[in-house]
Amino acid sequence: MASEKSKILVVGGTGYLGRHVVAASARLGHPTSALVRDTAPSDPAKAALLKSFQDAGVTLLKGDLYDQASLVSAVKGADVVISVLGSMQIADQSRLVDAIKEAGNVKRFFPSEFGLDVDRTGIVEPAKSILGAKVGIRRATEAAGIPYTYAVAGFFAGFGLPKVGQVLAPGPPADKAVVLGDGDTKAVFVEEGDIATYTVLAADDPRAENKVLYIKPPANTLSHNELLSLWEKKTGKTFRREYVPEEAVLKQIQESPIPLNIILAIGHAAFVRGEQTGFEIDPAKGVDASELYPDVKYTTVDEYLNRFL
């Protein structure tokens, strides 16, 4: 007899990635709850999203990250807590850690990660300070003795691929493409729904407990030059490539306003430093989602780019 699926609570479920996590949890058969501040919002788009959750069998729990009683109550009904809170609330996840510790019943916690592996990044400021908050939540989780999985996913496809890998461009290249570094460093692009699927699959998997879950599908690991060549093949056009050396990238980061400097710093970490791919996974600390779940039919970069033709 198959073991019963864990009850999953999603915090931040109405956000950009969170809605995918809620949908994946319900689709994969988990009793799923979403913590929401308002179960009947006046905003039509938010109301439609919540209705789609309910139609999928998701329970809406009225609560707030800043209301500890409601937070503890929500956590007590869950086996697994997945946080998908945005960058402005990363540090405030300490409240969630406290609630999980107080409730005492959670078997796995996924803090809001889904980008670079914050324990091994050399990313420059101002992004360094933002990722530092994620490091703090990791240490707080471990100190509290809470079983965890840290999901690391590289670039969201919805951010990186519409511009064909260009960091600051408004859209696909028209006549030229701006490339950070030499363009040969490999990066990872993952469709948001696939990030959610791999994350939820790991929720009940003992192999992912107290490990970093690296989500880097093989067909979606490619350099900026390879990405541009793929786009050229699809469009039948050739684009002039303007390569920006690292020194110029660092200077641009220092001189650009927020949020452009943060976006550039992340691009520098991925495309110049190779932080999404330039390492071997230490099996004592991490697992490869593609190896754990080889049957997942993920959206390839090749397929994703067809949306823009």
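Glycine too: its Cβ is placed from the backbone N, Cα and C atoms.
Now, the feature entries from Swiss-Prot:
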- Lys134: active site, proton acceptor (ACT_SITE)
- Gly12, Gly13, Thr14, Gly15, Tyr16, Leu17, Gly18, Arg37, Lys46, Arg138: NADP(+) binding site (BINDING)
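Annotation for Tyr16 (NADP(+) binding site): spatial neighbours Gly86, Phe156, Gly158, Glu192, criterion Cβ-Cβ under 8 Å with sequence separation of six or more.
Annotation for the recorded positions Lys46, Lys134: lowest Cβ count within 10 Å of the residue's own Cβ, Lys46. The 10 Å shell around the Cβ of Gly18 (NADP(+) binding site) contains 23 further Cβ atoms across the protein chains shown.
Following the DSSP three-state reduction, the secondary structure of Gly12 (NADP(+) binding site) is coil.
Long-range Cβ contacts of Thr14 (NADP(+) binding site) within its own chain (separation 6+, distance under 8 Å): Ala34, Val36, Lys46, Leu49, Leu50.
Around Gly12 (NADP(+) binding site), the same-chain residues at least 6 positions away in sequence with a Cβ under 8 Å from its Cβ are Gly18, Leu35, Ser83, Val84, Leu85, Gly86, Gln89, Ser112.
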